[in-house]
Amino acid sequence: MLNKDQFADNHFIRTIIEDDLKSGKHEAVQTRFPPEPNGYLHIGHAKSICLNFGLAYIYDGLCNLRFDDTNPEKENDEYVNAIKEDVEWLGFHWAGEPRFASDYFDRLYDYAVGLIKDGKAYVDDLTPEEMREYRGTLTEAGKNSPYRDRSIEENLDLFTRMKNGEFPDGSKTLRLKIDMAAGNINMRDPVIYRIRRAHHHNTGDKWCIYPMYDYTHCISDAIEGITHSLCTLEFEAHRPLYDWVLDNIPALHATRPRQYEFSRLELLYTITSKRKLNQLVVEKHVSGWDDPRMPTISGMRRRGYTPEGVRLFAKRAGISKSENIVDMSVLEGAIREELENSAPRLMAVLNPLKVTLTNFQAGKTQSRRAAFHPNHEEMGDREVPVSQTIYIEADDFAENPPKGFKRLIPGGEVRLRHGYVIKCGEVVKDEAGNVVELKCSIDHDTLGKNPEGRKVKGVIHWVSAEHAAEIKVRLYDRLFTVERPGAVRGEDGEYLPFTDFLNPESVKEITAYAEPAAKDLPAESRWQFERIGYFVTDRQDHGKDTPVFNRTVTLKDSWQPK
């Protein structure tokens, strides 16, 4: 359930919007989230989703979902459907039907013809290599193309023939006629159409020319009546072109949008480059785009992150124009905080040590009911069964305990969570000297009450061996061992492959034992394993006969670089 307190406040974009509404510049807020359907959304997109949809929600406006699909070779319906699912999972709903930039291809073409007629666009025959030479540098002005002064009639004829497929791919482009000496290289006669025979996921084979992003984006905003077009800071240098295109198409003046930029999110210990994420998938460093170690929304969902937790993280990351570098612990902290309130509890033992209760008596030794959550009675309770053999965590026992150790030791006592106080009477070892079993006695007068005359400080979790559910547990950790895996240089000054810094211990699969309540859980069921961490039944692999739990996050932030 959304509420207006869930979104970042007191940032400069909210100030702009409030001033615009107060002055009457806009009667209502209209934003958009415009992903390119060429990959899966990641945590950086989640921040943008929360910003655009959140602002529309806060100010009772609307937010469109628009696919910027101008690059047909890299785009497909798989990504379209995945993006829609991710946005909905985060808790947002777009205005009307999803929109596509390709829905506007006819209008984009007509506007380009209008620019040619106004002498503001021309067909160019320069090759990509020649165009780079003519463009100049940051310190040197560019040169006019020898085709820049073609007549309007010739340009109209050539552009029509480009559309009709009379020229080879890449042989001609349509460029805006702006200023080859402009200090901003983006304004040096940018290309707005290129010839590319490629099947398009939405328009099929209707077109063999496709518009460029910078031309398409601003026009799409205007067509949809977007009031505040929000993008990350790398597009700040593109804003003059955004404005130029809209200023020079009179039909769009009535719905003139404005572009505002904010800093993109850089999350440490991961990467968000689609190219690099794709490399991880292709080279099988991960199991897929939804691998729980990936920073994709689908990966985070499978990891057990909640929409509420991701929205809380986006709020804490904030919106500004300054560098937005955020440690992974901030994301994990937001998820941990949300799950602390929402996740019911179970006990599970990941590294079992057998304990025999020597004075167990059927009929006398009793099970006890325990709440699923200490603060939410509505979640109900369950029986925590006990039997003569139980499992505890191996590291909850120490023969030679360190100072301050409050768990089980030879001759010592400890309370079983939701159960009795037990005392260790005998330690059984194998031939190699490894502890394989403890023999302990139960104090039958301690079920639900403290023992008389002594204090037992330690409390440990456990499961009944007779009743336990055998489960598969995947212990996930950070995918990389360094903060910025894509920005590490070698001795020669060149960047090292980011895959050199993959964490070899980013996933470990073990067999564990859990309370019987774990046997019949549906997929994507989130739980706290008491004293261990938060876990989720795997979205893909979990089943009644093969329970699979993914570790979402530990109870505390104890991560150390390997």
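First residue shown is number 1, and so on along the chain.
Just so you know, glycine gets a Cβ as well, placed from its N, Cα and C.
Keep in mind the model is a prediction, meaning the values are calculated, not measured.
Per Swiss-Prot, the features are as follows:
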- Glu36, Pro37, Asn38, His42, Ile43, Gly44, His45, Ala46, Lys47, Ser48, Thr232, Arg264, Leu265: ATP binding site (BINDING)
- Asp68, Tyr213: L-glutamine binding site (BINDING)
- 35-45: motif ''HIGH' region' (MOTIF)
- 271-275: motif ''KMSKS' region' (MOTIF)
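Counting other Cβ atoms within 10 Å of each Cβ, the binding-site residues Glu36, Asp68 show the lowest value at Glu36.
The Cβ of Leu265 (ATP binding site) has 22 neighbouring Cβ atoms from other residues within 10 Å, across all protein chains displayed. Taking the C-alpha atom of Tyr213 (L-glutamine binding site) as reference, the shortest distance to any of the binding-site residues Glu36, Ile43, His45, Lys47, Leu265 belongs to Glu36. For the recorded site, Leu265 (ATP binding site), the DSSP three-state label reads strand. The number of other CB atoms found within 10 A of the CB of Ile43 (ATP binding site), across every protein chain shown, is 24. Break the motif ''KMSKS' region' (271-275) down by DSSP state and the numbers are 2 helix, 0 strand, 3 coil. The Cβ of His45 (ATP binding site) lies under 8 Å from the Cβ of Pro35, Asp86, Ile297, each on the same chain and at least six residues away in sequence. Taking Cβ-Cβ distances under 8 Å and a sequence separation of 6 or more, the neighbours of Thr232 (ATP binding site) in its chain are Ser48, Glu261, Phe262, Ser263, Arg264.
Counted with DSSP, the motif ''HIGH' region' (35-45) comes out as 3 helix, 1 strand, 7 coil. Largest CA to CA distance in the ATP binding set (Glu36, Pro37, Asn38, His42, Ile43, Gly44, His45, Ala46, Lys47, Ser48, Thr232, Arg264, Leu265): 20 Å, whole number. In the three-state DSSP scheme, Asp68 (L-glutamine binding site) falls into the coil class. For the pair Leu265 (ATP binding site) and Asp68 (L-glutamine binding site), the C-alpha distance works out to 21 angstrom. Ranking the binding-site residues Glu36, Asn38, Ile43 by Cα distance from Asp68 (L-glutamine binding site) puts Glu36 first. According to DSSP, Lys47 (ATP binding site) is assigned to a helical segment.
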